[in-house]
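S.K.: Copied straight from Swiss-Prot:
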SIGNAL    1-28  signal peptide
CARBOHYD  ASN105  N-linked glycosylation site
DISULFID  CYS120-CYS368  disulfide bond
ACT_SITE  SER215  active site
DISULFID  CYS280-CYS291  disulfide bond
DISULFID  CYS315-CYS336  disulfide bond
CARBOHYD  ASN317  N-linked glycosylation site
CARBOHYD  ASN357  N-linked glycosylation site
CARBOHYD  ASN375  N-linked glycosylation site
ACT_SITE  ASP407  active site
CARBOHYD  ASN423  N-linked glycosylation site
CARBOHYD  ASN449  N-linked glycosylation site
ACT_SITE  HIS460  active site
Amino acid sequence: MVKQQDWSVTTCVLLFLFLASQIHCRSGIHVSKRLEGSKQGDGKSGDTSFNVLRRVLSPKEKDLIKKLPGQPSGVSFRQYGGYVPVNEPSSRFLYYYFVEAIKPNTSTPLVIWFNGGPACSSLGGAFLELGPFRVHSGGRKLFRNPYSWNNEANVLFLESPVTTGFSYSSNPIDLEELGEKGDKATAEDNYIFLMNWLERFPEYKGRDIYIAGQSYAGHYVPQLAQIIIHRNKKTLVNLRGILIGNPSLLTSIQDPYGYEFMLSHGLMSQQQMDNYNQFCLRDDLYDNDKCALSVKTIDDAKKHLDTYNIYAPVCLNSTLSRISKKCTTVLEVDPCSKDYLKAYLNRKKVQKAIHANTTKLPYEWTSCNNELTENWSENDRDTPMIPILHELMGEGVRVMIYNGDVDLEIPFASTLAVVKEMNLTVVKEFRPWFTGGQLGGFTEDYKGNLTFVTVKGAGHSVPTDQPIHALNIFTSFIRNTPLPHTA
């Protein structure tokens, strides 16, 4: 009797297991078919009773650029691009493009780069100057820049202020106030961006950080550095130094050097200079009509010049070529390269790849927002940066100011005059420095960790005109080593 009961129990258990396995098998087939159907995408509404769980990507992971359209092979470093909000509630968004160092480690510094303007895109800095790629003449393919600054650092390119490049605001009030509060608002937005970006990329919080830029970034860079210093007790940022090229620092001193530069480079006559001095500068002989005529005569000579590099050719035909030019090299400046970049960044495929223009802005990407540039506060433009530079140096922040020697917009002599206005003690006298045995320019060191550097054969955008010199200057600065003083 007991054996019969045991057999009955055993039979029931086996029968239960058999039925359960059949149910599981059928269920598995059903699920498999659903998955297969969803992959095939027959266009019909699917069965929503089955949901595949997916891991939610972090903002950093979403910003990862898998590959740039037209990117050459052999790229080993990671790239990111995306938007970071800079106010609450979020209406202002700054766009960034970030390239990790080619050979990164946990101590590789972070460099933040700004172009000037005001309101010129730092993507110009990325793809025309110091980034890892340049754009071919067809506006579709890229080629490598072997002298990219990510040979030495992780480089973050920030499009600032808002409405520059892909950066935007959804609040019209922001745009109305920006022209009036340009410098102050921009510095605040840049700081908030950095704080929010470091939350997205926390591995860089303890890194050495440098801020760099050119032209009107002579305002952006010191002003952002000043905010960092003022707020470092609350949120520590390991700011080590600032590097500014051909910078706007003090217009009252720098502006008059333009005509002197033209005269010394054979771009105007001595008589034209004498007329200008007589009718425009002397109170006893000032004549408004004659002054205006004098200025017009001189300025007419600029029409056929690239004032950012007086020895560079000008772009005569920016028509994109179907076949990219052969033997393209960063050592040859193509005067139409801005047009190639504009065509490249306005391709929908490119914007999707770099996570830009996600809100479908009603205008195309341009290298500068000319409307904002023209409406920028004159008071801001004329504000001297000397007091901020003194403050930063007093806090132990190293400063390097470099200037191309063929820039008419901000001549090197005008920048040197600003440095002299700072009344610093010279530690090492004006002397030559070299790259590969060739003269790279001249340099002078001052007490308080300020270095001034001229760059031979470079204009307003030093990394474009002299990429090897620019990389050597940058490397020297972040390694805190002197530029080579022997050939």
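Glycine residues also receive a Cβ, built from the backbone N, Cα and C atoms like all the rest.
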S.K.: Using only C-alpha positions, which one of CYS120, ASN317, CYS336 is spatially nearest SER215 (active site)? These are the recorded positions in the record.
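M.R.: Comparing Cα positions, the closest of these recorded positions turns out to be CYS120.
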S.K.: Looking at the recorded positions listed here (CYS291, ASN357, ASP407, ASN449, HIS460), whose Cα lies nearest to that of CYS120 (disulfide bond)?
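M.R.: Looking at Cα distances from CYS120 (disulfide bond), the smallest one goes to HIS460.
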S.K.: Select one residue from CYS120, CYS291: among these disulfide-bonded residues, choose the one with the most other Cβ atoms within 10 Å of its Cβ.
M.R.: CYS120
S.K.: Of the recorded positions CYS291, ASN423, ASN449, HIS460, which one sits closest to CYS315 (disulfide bond) when you measure Cα to Cα?
M.R.: HIS460
S.K.: Could you state the CA-to-CA distance between CYS280 (disulfide bond) and ASN449 (N-linked glycosylation site) to the nearest Å?
M.R.: 39
S.K.: Suppose we draw a 10 Å sphere around the Cβ of ASN449 (N-linked glycosylation site). How many other Cβ atoms does it contain, all chains included?
M.R.: 17
S.K.: Taking just the CA atoms, what is the gap between CYS291 (disulfide bond) and ASN423 (N-linked glycosylation site) in Å?
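M.R.: That comes out at 34 Å between the alpha carbons.
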S.K.: Between CYS368 (disulfide bond) and CYS336 (disulfide bond), what is the CA-CA distance rounded to a whole number of Å?
M.R.: 15
S.K.: Through the lens of DSSP with three states only, how would you label CYS336 (disulfide bond)?
M.R.: coil
S.K.: Consider the recorded positions ASN317, ASN375, ASP407, ASN423, HIS460 and say which one has the Cα lying nearest the Cα of ASN449 (N-linked glycosylation site).
M.R.: ASN423
S.K.: If I take the Cα of ASN317 (N-linked glycosylation site) as reference, which of the recorded positions ASN105, ASN357, ASN375, ASP407, ASN423 has the closest Cα?
M.R.: ASP407
